[in-house]
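If you check TrEMBL, you get these features:
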TRANSMEM  B:89-118  transmembrane segment
TRANSMEM  B:130-156  transmembrane segment
TRANSMEM  B:176-197  transmembrane segment
Amino acid sequence: MGAEAAVTQLRRGAVEHCVLALLEDEERYGYDLVHELTAAGLVASEGTVYPLLSRLRKDDLVATVWRDSPAGPPRRYYALTRPGQRALDDFRVAWTGFAAAVETILHRKHQEDR
Amino acid sequence: MTTTARHPLVEDYLRRLWTEAGRLPVDQARELVADIEEHIATALPPDSTESEVRNALERLGTPTELVAAAAAPDQPQEPAKKSFASPGGAIACLVFAEILCILLPVSVPLWIIGLVMMARVTVWSERDRMLGFVGLGTGLPLAFGAVFLSTAIVTSCSQVYENGQLVSDTCGGTNWVAVTSWSILLGYLALQAFAIWRLTRSARRR
């Protein structure tokens, strides 16, 4: 597996939890979420975020509500649900442990050399 | 969503998305298209330039990618799973059908497969597809017609000799039919070359 493919695999699992994290403090509308995730380099093509949001909603991890926008038609806003918050908390713990473990192994050689 | 006229490229993109989304459950397809429409309406103000439209659509990803992401959450979101209809396959089938036009048992099936692929390939815009049908889809019938016609012309001319003297010749002189048919043929071949170049280029770009 090439490095890029490996990162793609990792990214897939992480992105949906990043969406939950982005919604932790505030509601956001779809376009805004897509923008943040793309700017962070987490998604390759913007459009694929929408199927992901739709899945999160079906799994009851986020909820949607229509709100008037200052200009143009009403927008659909996404908000974190209680199960969503729990999933995010769990992922945070799991990710921190996982990232630390990977980090240790990846840089083992450098530390031995020193 | 929006009632203002949309850019033709956006219309074309949404049409391809609808076609691709046909393999999703209706509710899911409708939701995906509505989300993407809303995204485009937000991303592109009505006075966007063509290059802004192109950029925004490119960043969105191809309709095939989006539908793949919606259909198979656990599958890698690689662009486009290979379907039997490939752009190269469509072009190759139609070209070979034309070259082998006289061998009807081979050329007709090839031609039909080529046409079906041409209709199904999703990387092409509607304009490209029309070019494909007009430039390449007409290849077999026209080539077959041309072979038939040229045989008829050749056999219809006659030279009658009496005592070694040519007394009647319907083959000589400037044959305007031949000149016209050659010009049409060259023009048509140029159209075909253009169609192949254009279709290959748009298939590579996406």
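Just so you know, glycine gets a Cβ as well, placed from its N, Cα and C.
All annotation found in TrEMBL is predicted automatically rather than curated by experts.
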Report, as numbers and ranges, which residues of the same chain sit near the transmembrane segment (B:176-197): CB under 8 Å and 6 or more residues beyond its ends.
91, 95, 131-132, 134-136, 139, 142, 146, 149-150, 153
Long-range Cβ neighbours of the transmembrane segment (B:130-156) (under 8 Å; 6 or more residues past either end):
90-91, 94-95, 97-99, 101-102, 104, 107-108, 111, 114-115, 118, 124, 170, 177-178, 181, 185, 188, 191-192, 194-196, 198-199
